[in-house]
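Accompanying notes for the structure given below.
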Amino acid sequence: MTILGSTGSIGTQALDIVRRHPERFELVGLSASSNVDALADQAREFSPQYVALENGSARDLEDRGVKEPRVLTGRGAASELARVEADVVLNGVVGFAGLAATVAALEAKNTLALANKESVVAGGEWVLDLAKDNPIIPVDSEHSAIFQCLEGREPDRVSGLLLTASGGPFFATPKAELLDAGPEAALKHPTWSMGVKNTLDSATMMNKGLEVIEAHHLFGVSYENIKVVVHRQSVVHGGVYFKDGAFVLHASPPDMRLPIAYGLLYPERVASPVGDTDFAGVSWTFDEPRNDVFRCLPLAFEAGRLGGAYPVALNAANEVAIESFLDGRIKFLDIADVVEATLESASGVDAAAELESLDGIVAADEQARAEARRVLEARR
Ligand SMILES: NC(=O)C1=CN([C@@H]2O[C@H](COP(=O)(O)OP(=O)(O)OC[C@H]3O[C@@H](n4cnc5c(N)ncnc54)[C@H](OP(=O)(O)O)[C@@H]3O)[C@@H](O)[C@H]2O)C=CC1
Ligand SMILES: CC(=O)[C@@H](O)[C@H](O)COP(=O)(O)O
Ligand SMILES: [Mn+2]
């Protein structure tokens, strides 16, 4: 097994599974961007064959007592590692930066356990085509849930998909109070402990928007037949509607180690790190999303329906906008405005886009980021 993004939230939880079930795993590689201290600690504890560091040198690792594994460094190190033969490659890199590694793992015919949703959003059909011979095992909790609901069932009997959203920290907050919501409040997720980007995307509901596009591509279901509901408890993660009226739901405690373990060991299952859920006296609620306030979700549906380079532009504009929000340059509700304005002017990006290669998608992403920065500049 290889873990890309091993120093992040997904990566460290994956390593916790390795700690609990050491006999199940042979560690091929670990990768990080710049957190050399954490990567060195992991390399000393787990003795992988390779370590990959995007921003740093072999010397940085040697100075921290990492002598044994082969070291890959520099831009593209994670992708180089993704090409090394492994029984499964977990992509826990955050953001668009994870696309190259997804492509590399699939081109090398490694099984891909995928947490990095942005690579399916931006890579779309082209990435799914690469996955024809070695299917992707989803790790994102909702997609793992749907995958598990579909196990052993005929895809042509499916009529729709359900994705649940926690609603984030602001689901019940009046719009007027959101005008001054800052990063600290936005990063207080009610049910999950995750990296900064996914947590902020949950607060804006862009996370669910990205996940709708991810589900459309992974499961081949049209946007009209994908439903999102707000489920504050984050115990039901997703479901499948069947043509005969049956509705199969997946539920589990909100702990990412469950879908990560499933993705790494599929089709096997190992003992849960958390106890069984007692359902007695428990209430589950399901509400409509507040699309008038959290506009990133309807914008993502629209970008998905438009197709072409629009999902690339949605994702790029979001990454630019959230960086600005975290730096205090724009307000919480401006994130959706920046995404919307970028999409409105994205027809040029779409017309020029060549989405059948990594270079083509990277070019579309760069163009959309430039467009989003123009939008931000014009708002000053
Ligand atoms: N966290 C969660 O519970 C869930 C996450 N996901 C998805 O999984 C992915 C990872 O999320 P999460 O673990 O929260 O993110 P984190 O920010 O916690 O971790 C990101 C990891 O990616 C590495 N990284 C960052 N930039 C690059 C780069 N340019 N090239 C290579 N590696 C890089 C980081 O290294 P370094 O530490 O050195 O910066 C770190 O190891 C995201 O796409 C997210 O949406 C999906 C469902 C749940
Ligand atoms: C754990 C996981 O899969 C996250 O993507 C989660 O879905 C985020 O929570 P929200 O439902 O608030 O977006
Ligand atoms: Mn999710």
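Here the Cβ of each residue, glycine as well, is placed from N, Cα and C on the backbone.
For the 1-deoxy-D-xylulose 5-phosphate site, TrEMBL gives Lys117, Ser141, Glu142, Ser166, Ser202, Asn207, Lys208, Glu211; the one candidate out of His189, His217 that the record lists there too is His189. Record note: TrEMBL gives Thr7, Gly8, Ser9, Ile10, Asn116, Glu118, Gly195 as NADPH-binding, and the candidate from Asn35, Asn110, Asn134 in that site is Asn35.
With DSSP states grouped into helix (H, G, I), strand (E, B) and coil, the domain '1-deoxy-D-xylulose 5-phosphate reductoisomerase C-terminal' (136-219) comes out at 44 helix, 11 strand, 29 coil. Summarised as a single figure, the pLDDT of the domain '1-deoxy-D-xylulose 5-phosphate reductoisomerase C-terminal' (136-219) averages 97. Of the chain residues outside the Mn(2+) site list Asp140, Glu142, Glu211, Lys117, Pro138, Ser141, His143, Ser144, Leu163, Asn207, Lys208, Leu210, Glu214, Ala215, His237, Gly238 have their Cβ within 8 Å of the site's Cβ mean position. Asp140 (Mn(2+) binding site) and Asn116 (NADPH binding site) are 8 Å apart (CA-CA, integer value). Taking the Cα of His189 (1-deoxy-D-xylulose 5-phosphate binding site) as the reference point, the closest of the binding-site residues Thr7, Gly8, Ser9, Glu118 is Ser9. Under DSSP, the residues of the domain '1-deoxy-D-xylulose 5-phosphate reductoisomerase N-terminal' (1-124) split into helix, strand and coil as follows: 57 helix, 21 strand, 46 coil.
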